[in-house]
Each structure stands twice: as structure tokens, then as C-alpha cells.
Amino acid sequence: MPPTINMGIPGASSSVTGGVSGKRVLLAEPRGYCAGVDRAVETVERALEKHGAPVYVRHEIVHNRYVVDTLAKAGAVFVEQTDEVPEGAIVVFSAHGVAPTVHVEAAARNLKTIDATCPLVTKVHNEAKRFARDDYDILLVGHEGHEEVVGTAGEAPDHVQVVDNPDAVDKVTVRDPDKVIWLSQTTLSVDETMETVRRLREKFPTLQDPPSDDICYATQNRQVAVKAMAPECELVIVVGSKNSSNSVRLVEVALGAGSDAAHLVDYAEDIDPTWLNGVTTVGVTSGASVPEVLVRGVLDRLAEYGYGTVQPVTTANETLVFALPREIRPARS
């Protein structure tokens, strides 16, 4: 295998050069599972080991078909609403977080709850609560109806307005333009979010920024890696599910960064051979909720089509690990 091409950050927009001619794959690093997804999936696995099936999970634990199907076969039961869980049963809240009303509903049904909310989502929840206490108008940049946005907005429903995209800014009104802050969903396109914020700031010049970045490190890192390789690719394949916000954003980022085409696939079988007509360089990455086994399947399929040379394109090294929820942590010996 050719050596890793370490683009680094901030040099992510530089050209990828590896000295390889002919068909090749540029493989984005980092890709796949982030710390929050790893924690959430392991939470369900540990809950099943500790309590046995069934373990109920409110919403998909993460937005990936393979992961959800695998956990369902192991005994996880996925439900949309809390009242679908039998009284007294165990329920896991997904990585996307829930509104406070969901905790109240669970307590009323005497459910044993395990909260697998990503700590970075919890951070945004805490910001919403803090600024609501100070009576700010909170402009939450995010996708209307996404579980994470519903949960964050639920922390302060009287103070939060969801701003779905840059064009939605025109409809935003606030009580006091000097007490406005923006927060964001953690899985958005960095570029589109900044465009939305730019327009908000034009309208509200004293708009405050979040205390720290709300778009998570993994979302940003995966977008940077795609930006690094996309200019060299005629095609970028993003492994991920259609309901995965961060995976869909990677397709958009690839197209915006110069790839001629970009497609989202759940499995290797989803690759249409006609996509490869006239293509020399294929970029491959995966969303933050995608296990590596699915990427390996895509690489194997591409090798069958003659793309056996794989060059990693590294823009960051991720080492972050989140502690498991206390309810399912291993007992100390």
C-alpha cells in the first residue's frame, strides 16, 4: 500500500499527491465511528449483556441501518415514543438526546432509564438551559424535526427558534436584538452553518457565539478529510444511511469541494457500476455512525472493479473516548 498522505489541518485544501497512476481509492482518515456513537452502541450492547433481552431503545440508537438491525437481532427493541415501552422496563435514550419531557414521561411509567446521549449533545443542552435562564433568544441552527434538534429545543421551548438554513434567517424575529445567541446541531455542514450565522449576524450585529464549538470534532474532522481528497476525485462514495445528517452533509461537502459526483450508500451492494465509468480516482469515507466493516465491504467491491490501490488521506488523528453511562459501567474489582 502506498504511504499515508498526511494533509494536516490547516492544509486540508491542498492537492493530494501520491505518485500513483491508474485506478485508485483515496481513503479518508478519520472516518466512521466517533466517540459518541461508540459509547452509544456499546451502551446498548452492555445493557443487553447485563439485563438480557429485551432492552428498549427510544429512537434509533444511532442513524445507521446496519447498526440498528444488528442490535435488534441481539434483542434491542426500537420504539418511537416512551409510551410504547412496558411499565417498569429498561429503556436507553439514543445518542441524539431527548427533551426533559421525555425524562418525565419515563419516570411516570417507572422506566429504568440509561441515557446514551452524546456528551457533546449534552453540552449544547446545557448551553440552551443556561442562556434561557438569562432570558436570551436562542437561535438553534439545525434541521427541523431532527431528534437532536427536538431534544435541544425541548430544554427551553419558550426561548429557542430553529433556523434550518441560511434562507430561513429572513423569518427570524427576536424580542431584544442585544440578547441573542446562536447554538447549533452537532452534525451540520460547517460551511453552511457559518453562512447561516453570517446572515444572522447581518440581521443581529450583537449576536453572541456559543461558549465553544457546537459542531462536534468528528463532524468537522470528517468534512475536512473529504475536502482534502475531493478535488482529486471524479467520484466520492460516502458510506452512511440517508437519515444520518452528518453522512448526508459529507456528500454535499464532497460535491462542493470539487468531486464530479458523490453518492451515499449503506452497503457495498448499493454501488452502481455505471458510477465508475471513466473514473480513475474514487474517494471513500463514512459517516460518524458507520462501523468499519461496511467500509471494508465497499473497498472489497471497488477492488473487484479494479480499484485495488488504496491511499489513506489523513487530516487528523482522533483519540477521544467517552465514559459509559454509570448504569452499565463494569463493576470495579
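We number each residue from 1, going along the chain as drawn.
Placement of Cβ uses the backbone N, Cα and C atoms for every residue, glycine included.
The [4Fe-4S] cluster binding site annotation in Swiss-Prot covers Cys34, Cys118, Cys216. Cys118 ([4Fe-4S] cluster binding site) counts 26 other C-beta atoms within 10 Å of its own C-beta, drawing on all protein chains shown. Secondary structure at Cys118 ([4Fe-4S] cluster binding site), taken from DSSP and collapsed to helix, strand or coil, is coil.
Swiss-Prot lists His63, His96, His146, Ser244, Ser245, Asn246, Ser289 with the feature isopentenyl diphosphate binding site. With a 10 A radius on its CB, Ser289 (isopentenyl diphosphate binding site) counts 32 other CB atoms from all the protein chains.
Within 10 Å of the Cβ of Ser245 (isopentenyl diphosphate binding site) there are 24 other Cβ atoms, across all protein chains. Taken from Swiss-Prot, the feature dimethylallyl diphosphate binding site covers His63, His96, His146, Ser244, Ser245, Asn246, Ser289.
Cβ contacts within 10 Å of Ser244 (isopentenyl diphosphate binding site), excluding its own Cβ and spanning all protein chains shown: 25. In this structure, Ser244 (isopentenyl diphosphate binding site) belongs to neither helix nor strand by DSSP; it is coil. What Swiss-Prot records for His63, His96, His146, Thr186, Ser244, Ser245, Asn246, Ser289 is (2E)-4-hydroxy-3-methylbut-2-enyl diphosphate binding site, and it gives sequence analysis as the kind of evidence.
Glu148 (active site, proton donor) carries a helical DSSP state (H, G or I). Counting every protein chain shown, the Cβ of Glu148 (active site, proton donor) has 25 other Cβ atoms within 10 Å. Positions annotated as active site, proton donor by Swiss-Prot, on the basis of sequence analysis: Glu148.
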Additional residues surrounding [4Fe-4S] cluster, by Cβ distance to the Cys34, Cys118, Cys216 centre under 8 Å: Ala35, Gly36, Val37, Ala95, Leu120, Val121, Thr186, Thr187, Tyr217, Ala218, Thr219, Ala288
Of His146, Glu148, Thr186, Ser244, Ser245, Ser289, i.e. the recorded positions, those within 10 Å of Cys216 ([4Fe-4S] cluster binding site) when Cα atoms are compared: Thr186
Inter-residue Cα distance where the pair is Thr186 ((2E)-4-hydroxy-3-methylbut-2-enyl diphosphate binding site) and Ser245 (isopentenyl diphosphate binding site), in Å: 10
Inter-residue Cα distance where the pair is Glu148 (active site, proton donor) and His96 (isopentenyl diphosphate binding site), in Å: 5
